[in-house]
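As recorded in TrEMBL, the features of this protein are as follows:
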| type | residues | note |
| --- | --- | --- |
| DOMAIN | A:12-519 | domain 'Cytochrome oxidase subunit I profile' |
| TRANSMEM | A:21-43 | transmembrane segment |
| TRANSMEM | A:63-84 | transmembrane segment |
| TRANSMEM | A:105-123 | transmembrane segment |
| TRANSMEM | A:149-175 | transmembrane segment |
| TRANSMEM | A:187-214 | transmembrane segment |
| TRANSMEM | A:247-265 | transmembrane segment |
| TRANSMEM | A:277-294 | transmembrane segment |
| TRANSMEM | A:306-328 | transmembrane segment |
| TRANSMEM | A:340-363 | transmembrane segment |
| TRANSMEM | A:383-400 | transmembrane segment |
| TRANSMEM | A:412-433 | transmembrane segment |
| TRANSMEM | A:453-476 | transmembrane segment |
Amino acid sequence: MADHKPKGISRWLFTTNHKDIGTMYLVFSFIMFLVGGAMAMVIRAELFQPGLQFVEPDFFNQMTTMHGLVMVFGAVMPATVGLANWLIPMMIGAPDMALPRMNNWSFWILPAAFGLLLSTLFMEGGAPNFGWTFYAPLSTTYGPESTDFFIFAIHLMGISSIMGAINVIVTVFNMRAPGMTLMKMPMFVWTWLITAFLLVMVMPVLAGAVTMMLTDRNFGTSFFDAAGGGDPVLFQHVFWFFGHPEVYIMILPAFGIASAIIPTFARKKLFGYSSMVYATASIAFLSFIVWAHHMFTVGMPVKGELFFMIATMLIAVPTGVKVFNWIATMWRGSITYETPMLYALAFVILFTIGGFSGVMLALTPVDWQYHDTYFVVAHFHYVLFPGAIFGTMAAVYYWLPKWTGRMYDEKLAKWHFWLSIVFVNLTFFPMHFSGLAGMQRRVPDYAIMFSDFNMMSSIGAFGLGLMQLLFAWILIKVCILEKGEKATDRVWEDAEGLEFTHLPSPAPYHTFDTPPKID
Amino acid sequence: MSQEQVQNDNKVMTKKLFVVVIIMVAFGFAMVPLYDVFCQITGLNGKVNGLAVYEEQEPDMSREIKIQFMTINKGDMPWDFRPVQTEIKVHPGKEYEVLFAVKNRTGKKMIGQAIPSFSPNLTAQYFNKTECFCFNQQILAAGESEEMPMRFFVDKDIPERYDTITLAYTLHNVTPEDDQIASK
Amino acid sequence: MSLFRKMALFVASFSALLLSGCGDDIKYNMREGVTEISREVYELHMIAIWVCVIIGIITFGVMFYSMFAHRKSKNPNPAKFSHSTVVEIIWTAIPFIILIALAVPAIGLLIKMEDASDSELTVMVKGYQWKWEYKYIDGDDNLANDVRFFSNLDQASRDMSRNAGSGFSGVKIEDENYLLEVDNPLVIPVNKKVRFLVTSDDVIHSFWVPDFSVKKDAIPGFINEVWAKVDEPGTYRGVCAELCGQDHGFMPIVVKVLPQDEYDAWYAEKVAEAEAGPDLNERTMSQLMAEGEAAYNTYCKACHMENGQGSGPFPSLVGTEMVTGEGSLTKHIDTVLNGVPGTAMQAFGNQLTEAEIAAIITYERNAWGNDTGDIVQPQEIHDIKNGGGE
C-alpha cells in the first residue's frame, strides 16, 4: 500500500485524512491554550497585589470571560476531538473516520469561530465582559455591542462540535473491525462515544440559549426579561442544562486516557473494565439531572434544592468507582514511571481533590457560603487543569511516539512534569483558602486579607505559564526538528491496543485499509 | 460488509443523529414553556394563572395572614409607584381590595407594566387575584396619576407554615422607543 | 527526583502554608459567623472537609503504597487479576453510605434555613450597578417616615484603588477594610429575626454576608427572601457575589448589628430625617460645585469617568450636546431624573435627593471646561419632579 500524502497547503485545507485533521485539531487547541493562558497571565498579574495595577476593571472582566471561553471551547474540547480523530480509527481498526468530509468542515469552522471571537477584543465597546456563563440580563440588555459576534461564534463552535460528535458516533458504531465488539473497545473509545452523545444532546441546547439571547437583544423578544413576561433565571436553567454535561464532555475523554495509560505502565490489565463502562455511562446520565446545583442561590423551592443536592452527591459514587478501579489496576502491578504515567497518576490524584471539593459544593446549605467564591474557582480548575489538561498531556506524551515515530526528550518531559505539578498546586490550592476566607470570583481587586494567597497563586500561575513554553519546545523538538531516538512499533513495553500491536511507528498515512483480525 | 454498504449505513445513522440534534434544539426552546408550566404549578416566579373567580365561601376566621405589599421601580422607570396600603391582615377565604397609586411625573405619555413576585415564592399558588392592574399595561399621560385596584383572596388550604406573604410589583417601562422620540 | 521526595516536599510546604495562617484562621477557613445557622453551616463544612481528608488519606495512602511497593524493580512480575465483583460492590456501597451520612444533616439544615416565618423586621435589599439600597418595611401607610438609603463603597477605598494603578511598585494598600467599607451601612438589631427581601434594579447581583451565612441572588423583577438572627452586636462585612459588570468588585455590604435600644435610637433619628423632608435650601455656585463633585464621584464616575470623558458605551459629558448645547438644560435635567430606557442610565429621580441632583447637574455643566455658568437649585428639581415638568 502506497503511503501517499498530498503536498503543500492544500493538503491541510482539503484533507479528509483523520490523522491530518487530528493533528490540526491538536495544533489549534495548543495555540488556543497559549492564547487563553496569556489572558490568565493578565488576570494573575492584576491580582498579584490589591489595588488596580495594570488593567481597568472592564478589561479585566473581558479577560476572565475570554479566558473561560477560549479554554473551554478552544483548548480543552478541540484537544480531545484531535485525540479522537487520531486514535479512534486506529483503536477500532477502521481506515478513517466514517464521515471524512464532514470531519474537514468541522475543523475548519473552528479557526473562523475563534477569529470572530477574538476579534471582539478590538471592537468598539470591548469584548464580551459578562463571564463565560453569560448570564442574562448582563449579557442581553447590558451586553456590549460585540455580544452579537460572540453569539455567532458560539453558534459556529456548536456546529463544529456537533459534527465532530456525530462523526465519532457513526465511526464507532459502523466502522469497527470484525470481532471488535462494543465490550472489547478500549476505554478511550467508550468514554469518547459517551462524550459524543453528550455533545449531540447538549450543544443544540446551548445553540438555543444563545439564539434566544440574540432575539432578546435585537428582535424584541423577552425570553429573559421580566418586563415582557420572561425570567432571567430561565437563562440559567437553559445554560446549565448545557453547562453541566459540558463539564463531563471535557473530563470523560481524560478518564479514557488514564484508563489506557495506567494499565500499560502497571503492566496489568485494566481492573473492572465493564464497571468502568457502566460508571462512565451513569456519570453521563446523572449529568443531565444535576444542572441546578450551579444555581442554589437563585431562590429555588426547598424540594428542588434537595433533589439537585442529592442527585449531585450521587455522582460521587460512579466517579469513586473509577478512581478505585485505577488504583486496583496498579495494585500488585509492575509499575514504571515514564512521563505519561506520571501525568496519568497526577491526573488521578488531583482530579480526585477536585472531586472532593465537588462533594462539598453539592451540600446546598454550605454551598451558599462557597458559591461564586474562589473556592469554586479552585474546584473547577482542579478538575480542568490537572484533570482534563493533564489528561491530554499524558495522552500526547503517550501516543506522540506512535504519531511521529520518535521518542520525546524524556529528561525535559520529566522537568515539564515536576515543575508543572508544583506550579499547578501553587496556583490553585491557595484559591481554596482565599475562597473560604470570603473572596468572591471575577473581581480585579480585593481586600488585603486575601493578599498572601493571591500572590502565591500569581507566582504559581506565571511558573505554570512558563512551563507550557517548555512543553511547546519539547513538541517542536520531536515534530519539527525531528530529534529524538526512533520509537519501536510497540513504543512502550506492554502497550496494548491495535495502534501499538498492529501498526508500525510512525503510523502510516493510511492504516487498516483492510480490517485487522481481532481475537 | 462491502464498502458501499458501510457508506450507506453511515448516511442513515448520520441522518438519525441530525434528527436528534434538531429535537434537542427544539427541546432547548421547549424549556421556555416547560419552565412557565413549572412556575405556574409551583408559583416559582410569581407567574400564576390569570384571573381567579371568587366563589362565596365561609372565610377561615381562625387564621390571620399578614400580606405585605411592595413596589419596585425598574431603574429606567421614572414614575411614582406605591401601595396605598402597605400591609394588611387577611383571613383565608375572604376577598379583599387594595389600591396602588401610580403617577407619571414626566412630561410625556408613557406605558408601564407591573410584574408580580411573591415571597416566599411558593405562596403564589395560594394567592388568587380576582382583579388586577397587572394584567394590563398602564398608559398614563404626562403628569397623570391613578389609583389602581387589586382584588384577591387567599386559599383556605394554604399550609400552616406561611404566616406572611410579600407581594412585590416591579414596574417596568415598556414605552415603545419611537413614542419617546416622537414626544421629545 | 523520586516521586516520594516530591510528595514529601509537597506535604511539607502545604502544612507550612496551613501553619502560617494559624491563630488567624479567618484568613484561610470559612468563618463560624454570628448566627445559629452560620455556626451549623460551619460545622457541616468542617465535617465535609474531614470526611474528604480521611477518604483522601485512605485512598491516596493505598495508591502511594502501591506506587512504592509495586514498582517494577521490586515487583517484576505483575499479578494477573483484573476483576472482583465483591470488591467492586463494596466500593460502590461504602461511598453511598458516606454520602447518605453527609446528606442527612444537610437536609435538616437546609429546611431550617429556608424557613423565614415569624420574622420581626423586614428590610428590602436592592442591588444596583454598583451600590445597594436598603429600605425598612415599617408596615404603615405613611410615606413620609420611610427609612431608605443607598450604600456605596467609601471614598477612601475608591481613592486607594484608583491611585494604586501603576504596576507592582504602586501604593501599598494597608487599610484592612479596603474595599470592605461603605458610606451608609445597613443597621439591624441584635437577636431579632430579620428578613431580607432581595431584589435588583438592573442585572443580577448577589447579597452575601459570610458572617450570617446569607447569600441570595438579587434578580431584577423578582424578590427573594433570606433571613438572619444575629446574636452578637458588631460590624459585619460582605460583598456582592455575582458578576454584575465592571465595578462588581467595588460594591461591598456592611451590616452594623446594634443592641435593641441603640438600634431604636438610630431608627428614630432616620425617621426624623425622613420626616424633615428634602433639603431645598438655596446654594451658591461654589457650594453646588463642591457637593456636585462629591456626589458625581459616588454615583456617576464609574461610567462617565472622573474626567467626564465617558468610556465604552457611556457617553462623554465634556463639551457634548447634552451639557453645553443651546437650551440643553431641560433635557439634561430630564435625563438625570428619568434615565434613558434600555441603557445603563438609571432614573436618578427615584434615587437621589433634590440637592444631590441639582449639585451633580451644576457640576457637570461647569466642570472640565464646560463652563456654561448654569446653576440649578434643589428647588427647581423639586418643582420639576412634582409639577410634571416642561
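Heads up, the Cβ atoms here are built off N, Cα and C, so glycines get one too.
Annotations in TrEMBL come from automatic prediction, not curation.
This prediction places the mean pLDDT of the domain 'Cytochrome oxidase subunit I profile' (A:12-519) at 93. In summary, the transmembrane segment (A:412-433) lies against the transmembrane segment (A:340-363): three or more C-beta pairs, each 6 or more positions apart in sequence, are under 8 Å. Beyond the transmembrane segment (A:277-294), the same-chain residues lying 6 or more positions past its ends with a Cβ under 8 Å from any Cβ of the stretch are 183, 187, 190-191, 194-195, 197-198, 201, 236-237, 240-241, 243-245, 247-248, 252, 255, 300, 304-305, 308-309, 311-312, 314-315, 318-319, 321-322, 325, 361-362, 364, 367. Below 8 angstroms of C-beta separation, residues 13, 21, 24-25, 28, 32, 35, 62, 66, 69-70, 73-74, 78, 81, 144-146, 149-150, 152-154, 156-157, 159-161, 163-164, 167 of the same chain, each at least six residues beyond the ends of the transmembrane segment (A:105-123), sit close to that stretch. Using the rule of three or more Cβ pairs under 8 Å, pairs at least 6 apart in sequence, the transmembrane segment (A:383-400) is in contact with the transmembrane segment (A:63-84). Contact between the transmembrane segment (A:247-265) and the transmembrane segment (A:453-476) does not hold: fewer than three of their C-beta pairs are under 8 Å, each pair 6 or more apart in sequence. Residues 255, 258-259, 262, 270-272, 275-276, 278-280, 282-283, 286-287, 289-293, 296, 300, 348, 352, 355, 358-359, 362-364 of the same chain lie 6 or more positions beyond the ends of the transmembrane segment (A:306-328) yet place their CB under 8 Å from a CB of it.
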